[in-house]
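K.L.:
What TrEMBL lists as domain 'ABC transmembrane type-1' is B:27-226. The transmembrane segment annotation in TrEMBL covers B:6-24, B:31-49, B:69-86, B:93-117, B:155-173, B:204-226.
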Amino acid sequence: MLNKQKGNGMKKTLKLLALATALAITGAATAAAEQVKVGIAAEPYPPFTSPDASGNWQGWEIEFMKAMCAEAKLDCVVTPVAWDGIIPALTSKKIDMIIGSLSITAERQKTIDFSDKYYNTPTGIIGAKGDDITPTPEGLAGKTIGVQVSTVHQAYAMKHFAPAGVEVKEYQTQDEANQDLAAGRVDAVQADAIALDAFLESDQGKQCCDYKGEVAEDVDVIGPGVGVGLRKGETELKEKINAAIKAIRENGTYEAFSKKYFDFDIYGG
Amino acid sequence: MVGDSFINWSLLSLSAPGWGGLLLQGFLSSIEIAVGGYALGLLLGIGGASGKLYGGPLVRDLLECYTTVVRAVPELVLILLLYYAGTDLLNQVLGAFGIGTVDISGLMAGIFVIGVVQGAYSTEVLRGAIKAVPAGQIEAARAYGMSPFMVLRRITLPAMLPYAIPGLANLWLIATKDTALLAVVGFSELTLVTRQAAGATKAYLLFFCAAGALYLALTLVSNVFIGMLERHARRGFAEQR
């Protein structure tokens, strides 16, 4: 537990001893280190996080988490929680940090704190093949657009598209929004361009849909990128994480695992 | 991932490339919650029904509040309330007393919520069943000099069971399906695992049908046991056609 972080010297020594033993045996920090519960959304969100058949989570963000936690010497445990309850789960201490493609926004910063960004990707729109859609309020007027609930994309669509006569439909998971696009219940889906790309590359996505373009920028809503979500006031942990992000950026670890997933720099400008 | 044939059965195999093992684990969690919640509900129901029938005015009013409020609020709302707000509140209270924080696991929250909800309904089921026991039988028992506890054990409980079992059986079947509500808090029971498997493989039809079959199997097995229980409870009754 994080609140027990300020343990006494004795505990620290024990912890170090245990850590050293664990390192000696397995070469990696195991249960002996300080456990940090990392909340991710309990839904398939490729290529960032998705469950495999043996119940393990994998993807770019899981690799980022492992690299970051190893660097910061934290024993991170993946804890899947429902996306729409991920911030309450953090504030009620069910989890200790969020690594779930959570964009840094002013609105969220009222409740929680963020580390520095660890990736930033454009926001795009996909639609049915052959459908004449442009990613602008005018181009979408009279259409229905699907977004995942309590995401920056929902906020963006409500601010820019809804006033222009676009019907905004919210989904609990990104996967459900994609499914409804494939089924023809919505005309377009707005989301992270990378996540949409993963869908377009699937068998189903190839058949039904294509990329319609990026939406116009709005940093107020979309935010400067994705950061690790933290409880307010936990500056010690935040500094550790920021230092770790910086370190894995500099020592090439970040690039190494990113290359497996992307052919461009996901960190953004 | 999706094979050429219409349905790729290998996705259901029990080991790693198939999701069958995970589905069964989820199914087991669902059953755990259902059994735990139902048992808690039955305890609350017995207490509630006795309180409503034999308690003083204050107890009766409190129980009336309990059954009314719980039966009025959707279980989904109760789960969200307990899981997020409840944990927060509990930790604040514990913090005020200087005790460390606790974490209500999805399993405990699920058992508690389903138990509380089931308790409200089974209170009413049991109350109805107890009232259906002919007053003459109880008077006769008292006339024999039985203590209240013995009356309960020998007369009221066995005599009310035939009236209570159909209602309680309904509640059990509802409890098994209510477990699916815990998917909203990200607890890995059958429904959530199914959604994840379906989302990851895009084999929606296969996985939702598989989950449906598991729920159906649970109901069919339950029905056999319920039938046995009911026959046992109704022994000595003339079979009515």
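The count begins at 1 with the first shown residue.
A Cβ is built for glycine as well, from the same backbone N, Cα and C atoms used for every other residue.
Unlike curated records, TrEMBL annotations are generated automatically.
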K.L.:
If you count every Cβ pair below 8 Å, which range out of B:6-24, B:31-49, B:93-117, B:155-173 shares the most with the transmembrane segment (B:204-226)?
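P.N.:
Answer, by Cβ pair count: B:6-24.
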K.L.:
Which of B:6-24, B:31-49, B:93-117, B:155-173 has the most Cβ pairs closer than 8 Å to the transmembrane segment (B:69-86)?
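P.N.:
Ranking B:6-24, B:31-49, B:93-117, B:155-173 by Cβ pairs under 8 Å to the transmembrane segment (B:69-86) puts B:93-117 first.
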K.L.:
At a Cβ cut-off of 8 Å, and with pairs 6 or more apart in sequence only, do we get at least 3 pairs between the transmembrane segment (B:31-49) and the transmembrane segment (B:6-24), yes or no?
P.N.:
no
